[in-house]
Amino acid sequence: MYKPVNNVDMSENYMKRLVVMAQKVGLLILIICLFIHIPVSAKNEQTLIIVIAPDLAFEDVKRILETEENKELWKEAAIGALNIKPDGPYSYLNSMVSIGSGRRAVGVQDWNSYEGNEQTEFKVTARDLEIQLTGQASSSSLSHPHFHRLVSKNDKSSYQPRVGILGDKLKEAGINRFVLGHSDTIIEKIRYGSLLVIDSEGVVEGDYKQSVKKSPASPAGKEMDEAYLLSELQDRNGLIVIEWGDLHRLYEQRPLMMDSHFTKERDRQLTRLGTFIEQLRQQDQNGHTVWLLSPMMNKEAYDQKQQLAPLLIWDKEDGGYLTSNTTNQHYLVSNLDIAPSILAHFGLNDPRELPGHSMQRMNVGEEDIQKVLDHVDELTLIYQSRASVLSAYITTLVILLIVAGVLSFFRKPQIMGQNVLKMIILSALLSPIPFLIGSKLLIHIGITAFVFFVVIFSLGCGYVISRFKRNAIAIVGGMLFVLISLDLLLGTPFMQRSYLGYDPIIGARYYGIGNEYAGIFIISGLALLSGFQSVKEKMSVMMVVALGAIQLILLGHSELGTNAGATLAAGIAYFFLLFRLLQFKWTLLRTILVGAASLLLLFSFLFVLQLTGNLTHIGAGFNRLFAGDLSYLLHTIERKVSMNWKIFRHSNWTQLFVTSYLVVMVMLIRKTLQKSHQLHALILQTGICASVALLILNDSGVVAAATSMFCVVCMHYYWLLEQKEKRGA
């Protein structure tokens, strides 16, 4: 039977349920807030102390290890060699702007940092100068009157760095930034430490005057005040930058000092630096991490081409070495990696516009400092001798082209001279091989012995292969193709140290295949095809497709060649060869449609090759384009044109480039290609197509075009001599 419900009871039950539900919701919100809040707070309480030591070089690190005092401290650090190349000439200022921006950048004349009421060289206070130049003054303790000029100059530069990006990210995360110390000398003020952590408004807090004390016996009459610095650091957290200017003051005064006194003072200053870092670590009760970073080596080291700077990190773990995905090389990191690594230390994601990667500490627990020093010595030796060795090598190749070109005008050259010339041409084509496989010998046998090795190996192999008259070019092409492919599959351990490879001190490329070998590699594949003259047309097409696919993968894959320009150039060359083999009938409309479709297919294939492995500069470029950043493409094209023009004006490769292309022009005028064997003519035409594509598509296109066209011309000369030999017979 139906019973009526009491309205009062219903109301009371309803209210009780609401109260219970409100309590549960409140508890849930509290838990969520706690989980969200605690990690951020914990991160903000972390402290990273970065000691900037301008003029510190690897020779100073070696000197430290030769002394007993503080030796163990340095062995406990993770160490790496830092590429500090900026956009523009090497300098302390340009380097600091680059490090803080996370991109290659450049400074501006008259740049400096001041305390607000400090007198500037313009006879007014920094605040007044800032008002005069910008109409307003910063509210922070430090003043940067020329910040607007620094931003404007870099906005118009090649790499378009965003000055203050690191400071902005730290400020957004609530992480404090503070700057101490300076590198003032007798004649000028130098305060560049703030450039590391300044934000996009030119704001950062700091203290200069009290960080440095008077010391009449020290260089420039001043030195860092360790006691004040340690007391100042006790109550601070976040990112603290200390510009340790004592070594800079010492090396600035070096030309005026007695050698014996300089040596004694250098040892004292290095000991003071080590003692200060040891005190920082002993004071470290909250998990502080200490970095020692040299943004610019001293002039003596720079003049000796010791142009990698030391970077050491002390934290809870001992030993090991530093590397990053930017370099993909043991012991080596880039100045582009500093900003992402600082953000990673505080648990922050680095923004998309930063091309660098967070540094990784490898081999923890091992004392790797001596390995790093030996590695730096090897890189320095290659860099020091690179220009002279390549100059001699390129000049030799140019002379060979000229001599061979002159002799090719004679209808009936002497048999002996003809055979010798053919052997020399084959030796020149083979010469990249000893430069590749012998790269590990250089540090052990020295430069002179290495040059002899290259000459003997090339001539010896050239003589042996010249006995195989019919397929000599194909054998040379096969050797080059196989050896370069193996090196790419192994991670380019030989190419990284080759004179014909890429130099990590120059820093244009750290991994993959460089433009010198890229040009050689593409032509080696075409030379290999010349050995299959009797193959049927269908099989020829299949071989071209297979070989082309292999080369495209090796050149473009993110874990192998990672050379976008070479990949596209190789694709264009193989499409050209394929269409010629298929006897494709060309019209203007077909040319446009087929060309556009081929380029679209090549770009798509290149993109697919970036989907596995670490993010490379090619993958980052695709990401920027897909995000609608067309300005990135325009600036890339502008930079490529600028780089090619710079190389054309200053590089030794220009000799080979001009000579090779002049010879090809003569070949085209004399129509010697049309008189060649049909397959040979087609391969030479494809080689010319590849070389021109390399010139247009690569940022060092002059280099790739020079090596590729040299190979094409050598192949042409060899086949021309063979034809004359047959006619003479």
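Glycine residues also receive a Cβ, built from the backbone N, Cα and C atoms like all the rest.
What TrEMBL records for 390-410, 419-437, 443-465, 472-490, 510-529, 541-558, 564-582, 589-609, 652-669, 681-697, 703-721 is transmembrane segment.
Sequence-distant contacts of the transmembrane segment (443-465) (same chain, at least 6 residues past either end, Cβ-Cβ under 8 Å): 377-378, 381, 385, 389, 392-393, 423-431, 433-435, 472, 475-476, 479.
For the transmembrane segment (419-437), the neighbouring stretch richest in Cβ pairs under 8 Å, chosen from 510-529, 541-558, 589-609, 652-669, 703-721, is 703-721. Long-range contacts of the transmembrane segment (703-721) within the same chain: residues 397, 401, 404-405, 408, 413, 418, 421-422, 425-426, 428-429, 432, 472-473, 500, 515-520, 522-524, 527, 530, 565-566, 569, 647, 651, 653-654, 656-657, 660-661, 663-664, 667, 672-673, 676-677, 680, 683-684, 687-688, 690-692, 694-695, each at least 6 residues beyond the stretch ends and with a Cβ under 8 Å from a Cβ of the stretch.
Counting residues 6+ beyond its ends, the transmembrane segment (681-697) has Cβ neighbours under 8 Å at 515, 518-519, 522-523, 526-527, 529-530, 564-566, 568-570, 572-574, 576-577, 580-581, 640, 644, 664, 673-674, 704-705, 708-709, 711-712, 715-716 in the same chain.
Between the transmembrane segment (510-529) and the listed ranges 472-490, 541-558, 589-609, the one holding the most Cβ pairs under 8 Å is 472-490.
Contact count against the transmembrane segment (652-669) (Cβ pairs under 8 Å) is highest for 390-410, out of 390-410, 541-558, 589-609. Among residues of the same chain six or more beyond the transmembrane segment (589-609), those with a C-beta under 8 A of the stretch's C-beta atoms are 552-553, 556-558, 564, 567-568, 571-572, 575, 579, 618, 622.
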